[in-house]
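Novice: One structure is given below, represented as C-alpha cells, and several questions about it will come after.
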C-alpha cells in the first residue's frame, strides 16, 4: 500500500502498551478505573467552583478551565484504547488517527498554557496583592483563556494539516496506545523535514516559553515571600500557590522524565508506558492535589456533596 498524500489509507494499527493477552483484562480494568476517577474528580472541581460564589475568583476560574481541559485531554486517548482492548482490535482509521493527533496536541498545549496563566495569577496575587482585583479583572481572565484556546487550536490545526500532506508506507503499526505525532511521522514515506522543523520549533516556543514564564513568576513569588517578616505570613503566601506549584512540578517533571528516558533507551515500548503518566495519571491526580491542599475547595466540595 503506497497511498498518495494519505488519501487511500484505511487504518493504522495501535500496538498499545503490552502484547500479552493475559494482561489485557487487568489493563482494561486499571485504565477504566483511572479514566472514571479522572472524569469524576475533575467534574466535581468544576461543579464545586461553579456552585460556590466564594470561589468565583480568577484562581478558581482558571482551575475549572484546567479541570475541563484535563477531562478532554484524557478522553482523547483512553476511550479508544479501552475499546481496542475490549474488542481485541488494534485498528484506528486514518481519519480517526488524524483527529486524535489534532485533539491531543490541542489539549496538551492548552494544559501547558493554562498552567502558565495560573502562575501569572499567583504572581500578581502575591507580588501585587493590593492591585490584584484591579489587574486580574474578569475581562482579562476571559481574554487569557480565549487566547490560550486560539493559540492551541491554530497550532494543532497546523500540525494536523501538515500530516495530511504526507504519504505513508505499507507498515502502519504505531508502537503506542494513541496516535502520537512523532510516531506517525516515522511511518511516512514522503519527506518529513518540514514537519519535524515545525514540531521541534513549536515545542521549543510553545513548550519552553510557558515554562520560562512559570519559572520567572515563581522566582518573583519566592523573592516576595522571603521579604515577608512573619513566619505566618510566609506560610499563608506560600499556601496560596502550593497546589499549583505541585501540579506544575508533576506535569513538567513527568514530561521531562518521559522524554529523557525515551531518548536514553530509544525504546518505543518504554516511551508508551512512560506516556501513561502525563496522559492519564497526572489528570487523575490534579483534583486530589487541589482538593487535599486547598481548604476552600474542600469546603465547596462538602457543601456541594452535602446537598
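Using the three backbone atoms N, Cα and C, a Cβ is placed for every residue, glycine included.
The shown structure was predicted, so the numbers you read here are calculated from the model rather than taken from an experiment.
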Novice: Using TrEMBL as the reference, determine which range in 26-48, 164-186 is annotated transmembrane segment.
Specialist: 26-48
Novice: In the same chain, which residue numbers or ranges, 6 or more beyond the ends of the transmembrane segment (101-120), come under 8 angstroms Cβ to Cβ?
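Specialist: Same-chain contacts beyond the flanks: 59, 62-63, 65-66, 69-70, 72-73, 76-77, 144-145, 148-149, 151-153, 155-157, 159-160, 163, 178-181, 184, 206-207, 210-211, 213-214, 217-218, 244, 247-248, 251.
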Novice: When you scan the chain for residues with a C-beta under 8 Å from the transmembrane segment (237-260), skipping those not six or more beyond its ends, what do you find?
Specialist: 111-112, 115, 118-119, 122, 125-126, 211, 214, 218, 221, 224-225, 228, 271, 274-275, 277-278, 281-282, 285-286, 289-290, 293-294
Novice: Residue list, the transmembrane segment (197-216) vs rest of chain: Cβ under 8 Å, 6 or more residues beyond ends.
Specialist: 109, 112-113, 115-116, 119-120, 151, 155, 158-159, 162, 181-182, 185, 248, 252
Novice: Tell me if the transmembrane segment (272-292) touches the transmembrane segment (140-158). I count contact as 3 or more CB pairs below 8 A, with pairs 6 or more residues apart.
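Specialist: Between the transmembrane segment (272-292) and the transmembrane segment (140-158), which are separate recorded stretches, there is no contact, as judged by 3 or more close Cβ pairs.
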